[in-house]
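Before any comments, here is the structure.
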Amino acid sequence: MPPQLSNGLNHSAKVVRGTLDSLPQAVRDFVESSAKLCQPDQIHICDGSEEENQQLLSHMEEEGVIKRLKKYDNCWLALTDPRDVARIESKTVIITQEQRDAVPIPRSGLSQLGRWMSPEDFEKAFNARFPGCMKGRTMYVIPFSMGPLGSPLSKIGIELTDSPYVVASMRIMTRMGSAVLDALGAGEFIKGLHSVGCPLPLKKPLVNNWACNPELTLIAHLPDRREIISFGSGYGGNSLLGKKCFALRMASRLAKEEGWLAEHMLILGVTNPEGQKKYFAAAFPSACGKTNLAMMNPTLPGWKVECVGDDIAWMKFDQQGNLRAINPENGFFGVAPGTSVKTNPNAIKTIQSNTIFTNVAETSDGGVYWEGIDQPLAPGIKLTSWKGTEWDPKDGEPCAHPNSRFCTPASQCPIIDPAWEAPEGVPIEGIIFGGRRPAGVPLVYEALSWQHGVFVGAAMRSEATAAAEHKGKVIMHDPFAMRPFFGYNFGKYLAHWLSMAQHPAAKLPKIFHVNWFRKDKDGRFLWPGFGENCRVLAWMFDRVQGKGGARLTPIGYVPEEAALDLRGLEAIRVSELFQVSKEFWEEEADEIHKYLEEQVNADLPYEIQSEVLALKQRISQM
């Protein structure tokens, strides 16, 4: 007779590691009801130990899911099914009773600010996917903490998954294991249920031994029930539920209810030559150099940059009115292509050990390779592409997928900030918005006020390469770099940001906007970027201290020429870098106005509407 789970359900899942008795009652109920539904063969309660990790990695190696990279210490390569390589916005939904709780209702067409699904439609979708979806597989129970264990800003989640790749990655990206269950006790937690959607025996063979079910992929967030439910994809952004699903979509909704902010932002510490230190948070859309800025090697003598986090910030005002931030993650899930000793030497040092690479190319001597790695291959070394075939540059295809990743422990970063795990967080004195803007937008400007700064975040736009090559490059709206990650109505999100100014004793950070990517008429970058960006950080540092010369323009304060330290740089065309053209900004303001009126519509806060009109007025007087 099969063993019975203690709730009397006749279910044959065998607990192969840990015991159900050791789980807090609410966690046990979640595990048992999910096991009854998904019908795994085995249940494995993760303890997070090194021994467990090595066992899982060896098991995946035997199954052909990952390959050991012999050139490095404890590094692994996973190649996915080519249909499962990225987040899928069209299949990522928020479920609420009322559509308007999840997304603003646009004037016409579809909302670009998130996707809503009704509870009724979700129930049908859920019932068509999850019953029996883990047959023949092991259900892993992953207790994890977003943020340092015991920090008042941290939150706990329990993810159930049938993917050992998810377990190994979550051990890097979060604090995971028995200590989390001890800290949880009878406390609240976010529930995550994930399945690759490939019960055994398989109906059709896997590609690259990578389990996924692209036809039925769905990533659903139920904020009222504190649940995340993901089916059909093994890719990180869809399966590591602590990342975007919890840390941004779910957390932004919790933050709204509890009076804090969950943001798509890096956190860095900047120390000047006098030894004074200030922390900044920065929001850039993807492919704008967040990780590179977070791990920068400054070129200015005497300045130091240290990294608290490269992707997500949870921020809350303390009793003294300081905006305190933690990085809720424990690792970096970085885009590999473009990462090199030149662009990001600290990332290259971080990923030499204990790292899981996904969809990069492999060298014949057991190393990794990608576009922009800037290291010539040694004679006789061949490349295997991310598709698992020998790579030839004549094929005209990249050797690594453009969204290929490294998943690596933050503690290995040579410039990790000494306070990166401080339970109280670090005090944020400046917030930076930015995007990739080839024309019209200055290198840096400072917002006129908190309210104007919130408008600057709402107006963020960035160049994205259109999927269809013939379209060329388009400038996309990406407010707060959160467009794919809002957990609730963006109009209400703006009101929440504006409300921070009402916080008693709030020391509101200064808000800045940067653009490293302005080009001249011949298409050449006007600014060298990378380590030279410390010169812009130095000006912001001075501004936060009440120093640093600035002149007023219709869009905000830009540095006076003498205030930006350009020593040692070749012929920088300062006037071109900081030019604010009436013609460009008339068009820009019209486009922003149109977007906010159409997309946010009735939920646009009055204060943001008045900022648009004030900007138009200032431009008209140029």
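The count begins at 1 with the first shown residue.
Cβ from N, Cα, C; glycine included.
Together with Arg87, Tyr235, Gly236, Gly237, Asn403, Ser404, Arg405, Swiss-Prot lists one candidate of Ser34, Ser286, Ser353 for binding substrate, that being Ser286. Take the GTP site that Swiss-Prot assigns to Ala287, Cys288, Gly289, Lys290, Thr291, Asn292, Arg405, Phe530, Gly531, Glu532, Asn533: the candidate from Arg436, Arg518, Arg551 listed for it is Arg436.
Looking up the ranges 147-177, 178-208, 457-487 in Swiss-Prot, the one annotated as region 'Omega-loop' turns out to be 457-487. The Cα atom of Phe530 (GTP binding site) lies nearest to that of Cys288, taking the recorded positions Cys288, Asn403, Ser404 as the candidates. Taking the C-alpha atom of Ala287 (GTP binding site) as reference, the shortest distance to any of the recorded positions Lys71, Ser90, His264, Asn403, Arg405 belongs to Asn403. With respect to Ser118 (phosphoserine), the closest of these binding-site residues in Cα terms is Tyr235, chosen from Tyr235, Gly289, Thr291, Asp311, Asn403.
If you measure from the Cα atom of Lys594 (N6-acetyllysine) to that of His264 (Mn(2+) binding site), you get 25 Å. Straight-line distance linking the Cα atoms of Lys71 (N6-acetyllysine) and Arg405 (substrate binding site), rounded to a whole number, equals 18 Å.
In the structure as shown, the Cβ atom of Thr291 (GTP binding site) sits within 10 Å of 24 other Cβ atoms. For the GTP site, whose binding residues are given in the record as Ala287, Cys288, Gly289, Lys290, Thr291, Asn292, Arg405, Arg436, Phe530, Gly531, Glu532, Asn533, the maximum C-alpha distance rounds to 25 Å. Neighbour density around each Cβ, counted as other Cβ atoms within 10 Å, peaks among the modified residues Lys70, Lys71, Lys91, Lys473, Lys594 at Lys91.
Lys244 (Mn(2+) binding site) sits 6 Å from Gly237 (substrate binding site), taking the CA atoms of both as reference points.
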